[in-house]
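Everything on this sheet refers to the single structure shown next.
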Amino acid sequence: MAAMSLASSAHALKLTARPPVAHARSARVVRAASAVKPASSAGVVGHGGGVSLCHQLRPTSGVTMSAGRPAGSPSRASSLRIRAMAEEAANKKNEDEKGAGIKQLLGVRGGSQTDNIWKIRLQLTKPVTWVPLIWGVMCGAAASGHYTWTFDNVGKALLCMVMSGPLLTGYTQTINDWYDREIDAINEPNRPIPSGAISEFDVQVQIYVLLFSGWAAAVTLDTWCEHDFPIVTILVLFGSWISYIYSAPPLKLKQEGWRGNYALGASYIALPWWAGQAVFGELSLDVMVLTVLYSIAGLGIAIVNDFKSIEGDRQCGLMSLPVAFGIEKAKWICVGSIDATQLAVAGYLRLIGEVGYSNMLLALIFPQIFFQFKFFLPDPIKNDVKYQASAQPFLVFGLLTTGLAWGHHINSIGA
């Protein structure tokens, strides 16, 4: 207290020496402080005509002198809001990074960059594109009417799926990226080949390893199934040739619009179906015609993939349907081919007496039409991935429904 009194006295002398205006201002400060805490408290000390506000003065009842609000409330609320916003931003960043990592592995747009060579190799095979072909094998097995759940049949089915998906679809996607590297440098410069993430030698090695492995799997299946005629091997050789001329010059079918898209659609629907049916039964002309017609829906799926590459296709002279017809016409051609094909198949199933399966197929078509109007038709460039993720599950289940219907029909005829 002695030190405090000396400090107050010295401060009082300074105040006394100030002009009257300063003295009056100091007096107002004291009066304001008095309203918060009585002057008789130890916090206010007066000396000889001058007054001093001690640094010990504190507002009572948690009230600040400056604003008359609870002490610390505004700053605490602001800090809590800032912390919540920071946490939300960090969580969103983590989710985006995780999503980008998954996209990279699946081989779709928006994937993150990596220097892991095995992740890059997987990205080149575009695992997201394996699903329709693996599913096509299942549809063919169902259409054979002879599939039973034995260890032997499961082993054959798994080998046929690996052959159709990771091996031969992986080969198709890798060779397509190789011959599209100049276009991808415009449309998707972060793809592994144009970005330089993988060497040209490594890409070529991957192409041949996947191709020869697919051929070896086909020969193994023909031997395992004791085929007198190597039907699976013939189908694989034909499919490999289609994949090559689709991407590689001088034919490069993808430049041809209609022919290129149909070749791609047939490869995704008819060929794996035929392979699956050949492993577990016999291919017949009527089912081959049915699947070739069903491949028109695959034409529509192939067109969906062309919208994201319009700029690069136009610059490189590729006459994809969106380039040839424009976005508005191409998007209606796309959905029309998908819907009309499935409706025709549903009608055919009803015609051959498979009414229940026909109704199931119709029930799977209508959600696809809904997502076409919700996502694809308003903006086919922005919403192509969203549309495919929403609608394609219904399309592939429609394929399985058709396969089951055909297998039931075959068995009913045999009975």
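Glycine too: its Cβ is placed from the backbone N, Cα and C atoms.
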Candidate ranges 28-46, 142-160, 389-407; TrEMBL annotation transmembrane segment resolves to 389-407
Among 229-246, 287-304, 360-377, 389-407, the most Cβ pairs under 8 Å with the transmembrane segment (258-275) come from 287-304
Long-range CB partners for the transmembrane segment (229-246) (under 8 A, at least six residues beyond its ends), listed in sequence order, are 160, 163, 168, 171-172, 175-176, 211, 214-215, 217-219, 221-222, 252-254, 260, 263-264, 266-267, 271, 274-275, 278-279, 283
In the same chain, residues at least 6 away from the ends of the transmembrane segment (389-407) whose Cβ sits under 8 Å of its Cβ atoms read 131-132, 135-136, 138-145, 147, 269, 273, 287, 290, 294, 297, 301, 338, 342, 345, 349, 354, 357-358, 360-361, 364-365, 367-368, 371-372, 374-376
Sequence-distant contacts of the transmembrane segment (287-304), meaning Cβ under 8 Å and at least 6 residues beyond its ends, amount to 132, 143, 258, 260-262, 264-270, 273-274, 277, 320-322, 330, 333-338, 340-342, 344-345, 348, 376, 380, 384, 387-388, 392, 395, 399, 402, 406
